[in-house]
4 protein chains.
Amino acid sequence: MANSKYEYVKSFEQPDTLLPNTWIVVRIDGRGFHKLSDRYAFKKPNDRRALDLMNAAAVEVMKDLPDLAIAYGVSDEYSFVFHPSCELFERRSAKLVTTIVSTFTAHYIYLWGTYFTENPLQPPYLPSFDGRAVVYPAMGNLRDYMSWRQVDCHINNLYNTTFWTMVQQGGMSNTDAERELQGTVSSDKNEILFTRFGINYNNEDEMYKKGSVIYRQYQLEDAKPASNPSIEQDEGSSVPEAISKSQQEKLKKLRRKAQVVVNHVDIIKDEFWERRPWILSGRPGKLPEA
Amino acid sequence: MANSKYEYVKSFEQPDTLLPNTWIVVRIDGRGFHKLSDRYAFKKPNDRRALDLMNAAAVEVMKDLPDLAIAYGVSDEYSFVFHPSCELFERRSAKLVTTIVSTFTAHYIYLWGTYFTENPLQPPYLPSFDGRAVVYPAMGNLRDYMSWRQVDCHINNLYNTTFWTMVQQGGMSNTDAERELQGTVSSDKNEILFTRFGINYNNEDEMYKKGSVIYRQYQLEDAKPASNPSIEQDEGSSVPEAISKSQQEKLKKLRRKAQVVVNHVDIIKDEFWERRPWILSGRPGKLPEA
Amino acid sequence: MANSKYEYVKSFEQPDTLLPNTWIVVRIDGRGFHKLSDRYAFKKPNDRRALDLMNAAAVEVMKDLPDLAIAYGVSDEYSFVFHPSCELFERRSAKLVTTIVSTFTAHYIYLWGTYFTENPLQPPYLPSFDGRAVVYPAMGNLRDYMSWRQVDCHINNLYNTTFWTMVQQGGMSNTDAERELQGTVSSDKNEILFTRFGINYNNEDEMYKKGSVIYRQYQLEDAKPASNPSIEQDEGSSVPEAISKSQQEKLKKLRRKAQVVVNHVDIIKDEFWERRPWILSGRPGKLPEA
Amino acid sequence: MANSKYEYVKSFEQPDTLLPNTWIVVRIDGRGFHKLSDRYAFKKPNDRRALDLMNAAAVEVMKDLPDLAIAYGVSDEYSFVFHPSCELFERRSAKLVTTIVSTFTAHYIYLWGTYFTENPLQPPYLPSFDGRAVVYPAMGNLRDYMSWRQVDCHINNLYNTTFWTMVQQGGMSNTDAERELQGTVSSDKNEILFTRFGINYNNEDEMYKKGSVIYRQYQLEDAKPASNPSIEQDEGSSVPEAISKSQQEKLKKLRRKAQVVVNHVDIIKDEFWERRPWILSGRPGKLPEA
């Protein structure tokens, strides 16, 4: 065909397959959300509508891609995690990342009006997201990644809650509040909130303090007694089990049947993971009895 | 800070900077648009609303990213091109690709109702797009990439036009039409259209035959007389000119001032490029006189 | 300095850092050794001088790079393994690979005359090696890589031994021997060797049957009783322990003190690894008592 | 075959094909040559035996790989250049780099005794080299790379010549010489050499001042008159010409017939390249008449 003369350009595409047997984390971030949150009058320090919208869009991504093991969101970012056994799109990085970014964006835009009933979108200033993929070789690295994001959530939320309380309730200027908070540690901020404003930070909304975890729901298992988690290089052998195409389809169906839930809990300690072993094992659990 | 214990996970992110002084092409493709076009009853072989919507979303991307030199779209795909001198996002591949994919998706979803007035979106079946970046070292490679896409447009449109005319006007079954077209060349299809249905393919809509080109409009220049295009490796030296930050900003502003236009013309021959030298040079032309 | 005008070319170098917390395997292969073995009259199926030379060069590489955990060689190839905690050359792939290839080549050429006393090198036909790096996320993958090479050694050596015995002792032509061996399994070849030539393959040289393993020698530990090796994804957490520069230097010194030994043993079963836990743990054992 | 169980480990190898239609530069550097030059008593600032040995090894690499277009060496480094049309080893980076590093090392070790007749190699302290590949999209970038190395050669040699003359003939300590040279420009160093030691730097050995260029010799062409070199992005189209396998072999043979020459000349100005157009064109010239 006449096209063959130009078709050589296809050979310039470089492969971007992610290393097999590693955890794939796709993190997306809102583009210019600082400015955007002003334009659409997001409430400070947390706008429930904005967070609910983030979660709703992420739930749709989880439903659309049954291969996803878990997702974690805070502020204008969301991390989506694929299990090491995942073979979706032959693990091509750009394909995985753009599919998630685009699906997320589509639902975010579509659902905007449901959450922001009074603030319609003002083109061309539409929200958008960028994203990237990172792979982690060991389960410990993945757990640490998740812990990193949740600790970050805590640190930022404590700061923002204190800062905005000082400004909104304390009548301070942004600059003054910022200056006073410089160099303070967590206990200082808790103290400011409590003594000056009678606010017990522990009573703040769990979603604000812990962020949002999304996963498929199966029957919870008992937590293990006093575990002694190894923080060493994995010792297990790791032949990726040969899973037949038909079995993969079966697993996919099982995953589609499970309910996708949003939760605001600690994912740093072992308990969360021990009671939901299907997340790290990559094998669906038992569906909860009706 | 307490976070430092987990922060090491950041070091697993691998750099994905694209080679300097190369053309960057980001191509996006509709995900599962075959199925989607059925769900939303796209007209065959071409649905003007769908193509107009693609173009409208692409125009918004061009406006949002003044660094883009040109874009070309056909069917459910769009290619966006950055000049070799582009330093946007430090040329990080994932950042460039996801920004384009997300911005495009956002506008596509937002504008859907404007073009598909009778077919509202049916969640969770929302349109989405994947994307990838490819770099081309020489201008000739970039030109060949663009030619490749436009030849593809022509080949597919001629086939689809003939096929659907045989089915829709000729009352043939899909299978019969497909069988008859197997092995035919362009002239055969032109012949079928003309003798059986009185259709002169040349009179078909330019957008369907040529696809859509989007670029910034400056004053057209005269086409060169009988050029003798070299098809060899470039012979020019290529020190990327050191452009100061302030000059980059100035160029950006000039680009923002230019009108973004959609056109349906031949981009394989030299004329298109010679009359619009700013596209390949990366330097804004003169704004057209009012 | 005047050089600054050209120095921008440095920015075209792309990073090639290998993923952290993964096993790094650098495998080198003789270039054109089929032809080379003819030129220098290597004995078939195994030339002890050639293998001893390979091992001697590999020992020097192990001594030169204390970061290396283990090496395995067969025929004209050698695999060198770095532990996941290795930070040598910031894990830059090209640096690691070329250092090993060059050091190996240097000693191979230098020592040639010691092993091939009657066949001096004939320039320009000098032996050379190419190489590549592959990373493995889990210890199980690394073990499987090592098993893969040793099984390959076994398969090839059984075939070659049978083939060359049929030719050299049986007087068959290469073509006839090849044809007869087509489609045979291991037991067939053992049978041919035993019934026709009175050769018990089990009595062949261990080096030919098992290849060569090189590692640092510490006090052997007892093998574990009936282990039940997991073949799943690792379950261990995996914070790379922060090792101070000074401690790294100390470990390096300890490694330099250990004797580098060459062995011809099974590395597929667990026993080899259980008795030498320092190889997989990355922590030097106790030096053997004098 | 039994091996299949482990063979999956092959899939972890990641492709490393270099971008088509780009110049490939493989630069190798001596490992720890500062220490090595002390051990083997290299003369300062330049040891002719060491440089001749570098050149001799590089000539062998050029002969071994007819695909190489040109090489440039200075001190303990050598850059080898492949033309954009090169398809050797399918342009796999590790393969190209290690082949050059290993071939170079082999000849360097083999020829050592020819050049260092009084300083035999002292194992285990053998010279070795590391290497890396960098690609350049435009001819201008490649020319700039070569200029960068030659300017570097000039700067370093002028410094070293002045420094060692001050120490060796002027009786200064290393520290004093270093301190005096701090902040000086070229003219200052020329002045020191001339007024204090009666040395005209221009009369120094061309090899020391210019480094060494290696290429295949064909009939020289006339230099162009007053060229006006473009320093812009290339304007030429660049379809890589489809070269048949048989034609590639023919070109290879032509290249093998050409003499490989070592030269010490300016490669920054255009003249060198204009008179030897075969280097940048990738097409062998006419063999010089006998």
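Yeah, the Cβs are placed from backbone N, Cα and C, and that goes for glycine too.
Annotated features in TrEMBL:
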- C:Asp29, C:Asp76: Mg(2+) 2 binding site (BINDING)
- C:Asp29, C:Gly30, C:Asp76: Mg(2+) 1 binding site (BINDING)
- C:Asp29, C:Gly30, C:Arg31, C:Gly32, C:Phe33, C:His34, C:Ser75, C:Asp76: GTP binding site (BINDING)
- C:6-137: domain 'tRNAHis guanylyltransferase catalytic' (DOMAIN)
- C:141-269: domain 'Thg1 C-terminal' (DOMAIN)
- C:225-245: region 'Disordered' (REGION)
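Sequence features annotated in TrEMBL and their locations in the structure.
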residue: C:Asp29; record: Mg(2+) 2 binding site; CB count, 10 Å: 17
residue: C:Gly30; record: Mg(2+) 1 binding site; CB count, 10 Å: 20
residue: C:Arg31; record: GTP binding site; CB count, 10 Å: 20
residue: C:Gly32; record: GTP binding site; CB count, 10 Å: 12
residue: C:Phe33; record: GTP binding site; CB count, 10 Å: 19
residue: C:His34; record: GTP binding site; CB count, 10 Å: 9
residue: C:Ser75; record: GTP binding site; CB count, 10 Å: 21
residue: C:Asp76; record: Mg(2+) 2 binding site; CB count, 10 Å: 20
Starting from the Cβ centroid of C:Asp29, C:Gly30, C:Arg31, C:Gly32, C:Phe33, C:His34, C:Ser75, C:Asp76, which together make up the recorded GTP site, report each further residue of the same chain whose Cβ lies within 8 Å of that point, ordered by sequence. C:Leu36, C:Ser37, C:Glu77, C:Phe129
State the Cα to Cα distance, in Å, between C:Gly32 (GTP binding site) and C:Asp76 (Mg(2+) 2 binding site), rounded to an integer. 10
So, three-state DSSP: helix, strand or coil for C:Ser75 (GTP binding site)? coil
Those binding-site residues out of C:Asp29, C:Gly30, C:Arg31, C:His34, C:Ser75, C:Asp76 that pass a Cβ cut-off of under 8 Å to chain D are C:Arg31
Conformational class of C:Arg31 (GTP binding site) under the three-state DSSP mapping: coil
What does the structure give for the C-alpha distance between C:Phe33 (GTP binding site) and C:Asp76 (Mg(2+) 2 binding site)? Integer Å is fine. 7
Distance, C:Asp76 (Mg(2+) 2 binding site) to C:Gly30 (Mg(2+) 1 binding site) (CA atoms, angstrom): 5
Whole-number Å only: compute the distance from the Cα of C:Arg31 (GTP binding site) to the Cα of C:Asp76 (Mg(2+) 2 binding site). 9
The domain 'Thg1 C-terminal' (C:141-269), counted residue by residue under DSSP: helix, strand, coil: 69 helix, 11 strand, 49 coil
I need the CA-to-CA distance for C:His34 (GTP binding site) versus C:Asp76 (Mg(2+) 2 binding site), whole Å please. 10
